[in-house]
Amino acid sequence: STAGKVIKCKAAIAWELNKPLSIEQIEVAPPKAHEVRIKILATGVCRSDEHVISGAFRMPLPMVLGHEAAGVVESVGEGVTCVKPGDKVIPLFAPQCGKCRACQSPKGNLCTSNDLNSGSGLMPDGTSRFTCKGKSIHHFISTSTFTEYTVVHENSVVKIDPSAPLEKVCLIGCGFSTGYGAAMQTAKVEPGSICAVFGLGGVGLSVVMGCKAAGASRIIGVDINKDKFAKAKEMGATECINPLDFKKPINEVLFDLTGGEGVDYSFEVIGRTETMISAFTSCHQNLGTSVVVGVPPNASMITYNPLMLFTGRTWKGCVFGGWKSKDSVPKLVSDFMQKKFVLDPLITHTLPFEKINEGFDLLRSGKSIRTVLIF
């Protein structure tokens, strides 16, 4: 009944930096050709959304943020064959067109149709589907899920198991997949290896789960908040250390803990250049691999001693855990349904959508791992 019509609904809008999101009534236009309109039913509050609000991640405002979600297809535009109305779906901030070099290479996963690099805040045709008070509102990284309805390109949505609980599998849209894949897909952690995970938030805990699933013999959690250690050990960390407890740099501490060898794999899941260097220099000088998972602020630059690379270390970045989104998300949902991994321990708070700013307060204060908002 709503197909082909403008839908009026609630959305949380970021009008300006460092201000609470504002719940407004917006108009959501019908999907154009090759686009899909989705009724969002559950969405997670992620640090990347907070980076936009704080100005660390520069994006055009006003904007509907949110990118980790699950919902049901309301209607589709002309030419869409991958989903139909009524399908349960997850929006994809890392799209998969299947045609570009990254999509066609077995090594790649960052499709050229992504809006991560350009940050245009618009649909592929250069326009928006959102308006509020007569003003055009920007989209966020091909998704925009802090709204009852959103419109995405068909490259940015995938159908999932209809029996999946959306309030849990929404985490597969970003946080869980990013961390789990960093270990399984990007680093390709080997059985018996030693891993160090810097940052034990939701994504960091998902890295821990990935390291455990890959068969790592030691998984060392690193965080300055010792309150996170019990949960990290529950998820698979074999030991946890607080850099503030030591007089020497944390990379030296990790060398001491590994008989002077360094770790096989390290993961920076904070988004700070200082910890990226610490994680990198914690690795075995020749065999070690360090993966940057945390999103750094726009203006950050890294200075390091190139001899650290010369000896043979590998330094890698990773987006969405290295997964090809359309290929991997349905399989990850199926794996969850088959109890191959758990998501419940990552979800510390479930709130109604109207309490979205409370969700961000919990994130900023370090009191939550993941807050899921329910519509």
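Cβ atoms here come from the backbone N, Cα and C positions, even for glycine.
Of the residues ARG129, ARG364, ARG370, Swiss-Prot places ARG370 in the same NAD(+) site as GLY199, LEU200, GLY201, GLY202, VAL203, GLY204, ASP223, LYS228, VAL293, GLY294, VAL295. A straight line from the CA of CYS97 (Zn(2+) 2 binding site) to the CA of HIS67 (Zn(2+) 1 binding site) spans 18 Å. Compute the center of the Cβ atoms of CYS46, HIS67, CYS174, which mark the site for Zn(2+) 1; besides them, the chain residues with Cβ within 8 Å of that center are GLY44, SER48, ASP49, GLY66, GLU68, ALA69, PHE93, THR143, THR145, GLY173, GLY175. If you measure from the Cα atom of HIS67 (Zn(2+) 1 binding site) to that of SER1 (N-acetylserine), you get 27 Å. Listed in chain order, the extra residues whose Cβ falls within 8 Å of the Cβ center of the Zn(2+) 2 site residues CYS97, CYS100, CYS103, CYS111 are PRO95, GLN96, GLY98, LYS99, ARG101, ALA102, GLN104, THR112, SER113, ASN155. Among the binding-site residues CYS46, VAL203, VAL293, the residue whose Cβ has the fewest other Cβ atoms within 10 Å is CYS46.
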